[in-house]
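For reference, TrEMBL has these:
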TRANSMEM  C:31-52  transmembrane segment
TRANSMEM  C:59-78  transmembrane segment
TRANSMEM  C:84-104  transmembrane segment
TRANSMEM  C:111-131  transmembrane segment
TRANSMEM  C:151-170  transmembrane segment
TRANSMEM  C:200-221  transmembrane segment
TRANSMEM  C:251-271  transmembrane segment
TRANSMEM  C:277-301  transmembrane segment
């Protein structure tokens, strides 16, 4: 509410300044971003989401701004903390749309918060390209909210990617047939393990250990002991950040060191490597990037330069690429006509830090990384649904 | 599901119980002795953990040494909080119920302030590091050395605290104010001073627990509330105002969760823990070691 | 009992105020409607909470449990049942659950009751999560055509029901019994009041109201999962708002919820990076400066105003 007054004062000050320095007379566009800064998902958003918002604003502004209506517009950012509470997300997006009159609203963070905000983005007609929501059936969602685009990928292809990578290792004789699988008992872990069972069985694997554990479990040693007791050839965990760290550490302690070791979210985080050092080499994880590709290398350097933090090797680049697609669509349309921008996103493909981003008829990005692997200090994508630059999966030194 | 016999489960369970004791012992002092239901307990723990993380990553200082830095700082901070923020409430409260309501409001506010300050100073990222993440063999089974060290830390802290409460004059005075503050005053105990001491000591133990826990748990600025919830459940289950109750409850939960994980389903560990809590209160409304009202 | 004249006037004012509140979707922007939904939500939750906790002095942290159950009732039944019946079912489940909890917790006093309700909410959430894992069901989509305005009206209607219930109880034998229990439970028991029964009956009100609130709000969130539906933070927020308002009067929670929602909103919008810190400092200021909550502040103001008036009139 106050922001508008401040905005008005700022505008007045700028107008005054612009009479003195005519070349500074740059019009602005207001960009809004809502995501957790506190609450259960704040840790993940602090790694994958917020730095990319700031980086994108900085990138656009340092190249002179966004070309709309024939003039360069500088971007002004308004950030809100939704406290990982969908009620707050809804309120904050409404506030951006009606009080701050934001020209651009970036999508929120995580599946639940994005879906809570989708009806509001839809009502106000904003395009919403989200890179942090996993949706298995985009068709139903998009028929109700045609302004929503999903780029992260669904559970089925990811689990098929894991089955494929394990098959490759088995066919080369690096691992055998026995898979131990665990999952965190929340929406994410449930969906992925549910898809992984048929995918692994179809690939001829035997699931010798299969269990879930509650979110927030403080001691995973029993889970790891149970898995180790079945003497598996591969360990697969559909895990969240705190437990990805916990499972990995416990596996090292218990000597659970099979030929394939896979953990999910946070495996691609720089802090994962920082904590476990060289022992991460050969660890498989969800997602990935073309880590050697020029586009990613440049992006990673800028990310560290601007935000002081390294990007992760999966969601960071996905988030940034969704902003890039929006940026390119706006400039291609040339006005802030959201309807035309949405149509443009549907009809075109975009050149981004993860390569070409192209949405299908269900507003879904069909080409994404499914599995990555730590190799020589970088987390390389090793399996995807049509991305270029996959590294060959390596065997891990098993005991 | 593990084919391992009982012994490794018992040891794993006891070690987890030690973790829970570290989370809850401080709150027992704060609620049982100083009568403050401290909803900011978890934030104090996370601060302790963060100091350990920061000193270790910035200066390779062992978290075990950090304990001696954390302890006096936490003591001073908690003493100041009691003296300037909580004592006025104690003075103005007409009844125990009024104080409970006020302390819930104030410490809830303090927990927000705590999260906000940590966010401002440390950022929202996870903090985790590897310390003593080595296997150690006890009776033929392997355990994480960092967890064993934290368990020993819990034993030492709990043991010293128990001896202090049982054997020393101030300790006995503190137990007296837990039982009946009014009579304690009559026998010449400086109740406000002892309450401040209990609150500060409780905060110190919680922060030291945080430093020990940080060697194997991954935390961020917002995770404090999870520890507060767990600590509240353990303290109530054990019975307010009795350190033995908290320790027994912590060990019971640790053992139960490990048994359930090993023999039934790891997915049910927390459900079983809360079920045990609910059942205990149904059959012993004052908790395991609590006195009847 | 028929209402006295002053009571009739008061009822008239309440009906007028409710009617005025119901016009919000036509006069305010969708942003104010979103604020209205927040206020209505917490008014229902905090008022029903205070109907039980005000007279009994029991602090319940079970709001999230009932709210979550209501959310899931909608999530699971929306495809197969007519919408209005879902609200009724949620209310019944909430009331029945509250009755069970009430019966189970009769022997618990003070802080044991507080933490018991908290543990219970976590227990329900854990069991639900485990069942979901067993059946392979993840978060539930609630894709409906229900608009924000319709959600708002339902909540305002529910608030009216809660006030009506509170008002009727205040005038009934139960209310009389409760006032005695609140003053001194021993006295109440000796004078032949079934204190246990009174408390259990009363606890069913916040149980049903929270479950219905959850059921009404589920379509707003589109996607529901246990972490959101059973967030313990909700239980704490309700307690804080009710206590900051004041639990002695039926309108107490409302005068806590309204200023608090606006304060929360002003802080979140003006200081997005220090929201949590400043919210915490605000709690502290309110507790120290308004020891009797907003109700106390209003009563003081009225007494001042009224006092002068009376003196002038006399």
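The backbone N, Cα and C atoms fix where each Cβ goes, and this holds for glycine too.
The largest share of C-beta pairs under 8 angstroms with the transmembrane segment (C:251-271) comes from C:31-52, of the ranges C:31-52, C:111-131, C:200-221. When Cβ distances are compared across the two stretches, the transmembrane segment (C:111-131) makes contact with the transmembrane segment (C:59-78), since 3 or more pairs at least 6 residues apart fall below 8 angstroms. C:200-221 is the stretch from C:59-78, C:200-221, C:277-301 with the greatest number of Cβ pairs below 8 Å to the transmembrane segment (C:84-104). Counted over residue pairs separated by six or more positions, the transmembrane segment (C:151-170) shares at least 3 Cβ pairs under 8 angstroms with the transmembrane segment (C:200-221), which defines the two as touching. Counting only same-chain residues 6+ beyond the ends of the transmembrane segment (C:277-301), those with a CB under 8 A from a CB of the stretch are 240, 243-249, 251-252, 255-256, 259, 263-264, 267, 271.
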